[in-house]
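*Asks:* Let me give you the structure first, and then I'll get to my questions.
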């Protein structure tokens, strides 16, 4: 079939398998061009491995460090009549390209929050790799099914205490609007921590440790975003921030556990990027369009792949083997360039000046839209979008 982008809300409901593969190839090419990561781990598990920072982590490990990788994710396959999710095609492309280079790559597809996911992953590690040296936790989900009760818990992207009103961009109509978000209830705050906090990361690491599949010196990292006062009301000071603070709590507990065998657990605070997750957060698209333009002008712009390569090569697995620099909460800070005073001051001053008329001129809004479509495999150089493609891509993913 010939597949064109169809946007509904902040989601593109169609995906292009060839475009998704081209995206993965682009990230692999970047990683190879940077050269090998000297002290990289050789057996890596990525939970949430099919898009965004998780996918880039798997690429950095495999193509930057020559690692055998296992990926866990929850994606839908395509059929002859309907495309699957972008993450499905990303993961399929990754496996194919890794194996072509003689790298071990296997994936498990299903609910990563479930006990079955953890058990099947443990069985696979025991069977094929023995142990793992690194566990990346990069799940972004609006819903978590509690393994013990089967109850579905939903997260809320809301402020705390009072209604948050701000200038935002309507990405469907490309106009500047005033967005208001009602505050979260106590229950919604708790639920957001349950879905997006550190509990499941702890459950994963504890299950892997008890099964004896964590190698000595195993490092684990989970991803977070703090941002700046421009986005704090909806993010860090909102329900989502409470969940991210719970990640810090989990990191501390896990670090105590892993440091006994020479390992570590850290939260890595990353920069804002265009992902399906960030496009759903009110105000983020406008902030991203502003900050990207300034960072590009300053020569410090990074996408997911650049950030993660820097995290591997300049933080966790440095060439001289020295310990990673961390902040006062033991976090790896990769948002250091975005948070530079000159960049943030530029955004603060620009924010009130943005109108529908000057949006495209004063910000990288056009590029934001292009990057958003790229997530789903569209608008990529060298891909023939008039060609007939088969959305039914064969894989040997292990079903959870």
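Using the three backbone atoms N, Cα and C, a Cβ is placed for every residue, glycine included.
What Swiss-Prot records for this protein is below:
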type: ACT_SITE; residues: 235; note: active site, proton donor
type: BINDING; residues: 48-53, 74-75, 111-112, 139-140, 244, 273-275; note: NAD(+) binding site
type: BINDING; residues: 225; note: substrate binding site
type: SITE; residues: 75; note: site 'Plays an important role in discriminating NADH against NADPH'
*Asks:* Enter the number of other CB atoms within 10 angstroms of the CB of residue 50 (NAD(+) binding site).
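*Replies:* Around residue 50 (NAD(+) binding site), other Cβ atoms within 10 Å: 26.
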*Asks:* On a C-alpha basis, identify the one among 75, 225, 235 that is nearest to residue 274 (NAD(+) binding site); the candidates are the recorded positions.
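*Replies:* Closest by Cα: 225.
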*Asks:* Using Cβ atoms only, which residues of the same chain lie under 8 Å from residue 139 (NAD(+) binding site) while being at least 6 residues apart in sequence?
*Replies:* 47, 48, 54, 112, 113, 200
*Asks:* Based on Cα coordinates, which of the following recorded positions are within 10 Å of residue 235 (active site, proton donor): 50, 52, 75, 225?
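*Replies:* Passing the 10 Å Cα cut: 225.
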*Asks:* Looking at the recorded positions 50, 52, 75, 111, whose Cα is closest in space to that of residue 225 (substrate binding site)?
*Replies:* 52
*Asks:* Counting every protein chain present, what is the number of Cβ atoms, excluding its own, within 10 Å of the Cβ of residue 74 (NAD(+) binding site)?
*Replies:* 20
*Asks:* If you run the three-state DSSP split on residue 52 (NAD(+) binding site), which class comes out?
*Replies:* helix
*Asks:* Name the residues of the same chain, 6+ apart in sequence, whose Cβ is under 8 Å from the Cβ of residue 52 (NAD(+) binding site)?
*Replies:* 138, 140, 273, 275, 276, 277, 304
*Asks:* Take the C-alpha atoms of residue 75 (site 'Plays an important role in discriminating NADH against NADPH') and residue 244 (NAD(+) binding site) and report the distance between them in angstrom, rounded.
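*Replies:* With distance taken Cα to Cα, residue 244 (NAD(+) binding site) is 24 Å from residue 75 (site 'Plays an important role in discriminating NADH against NADPH').
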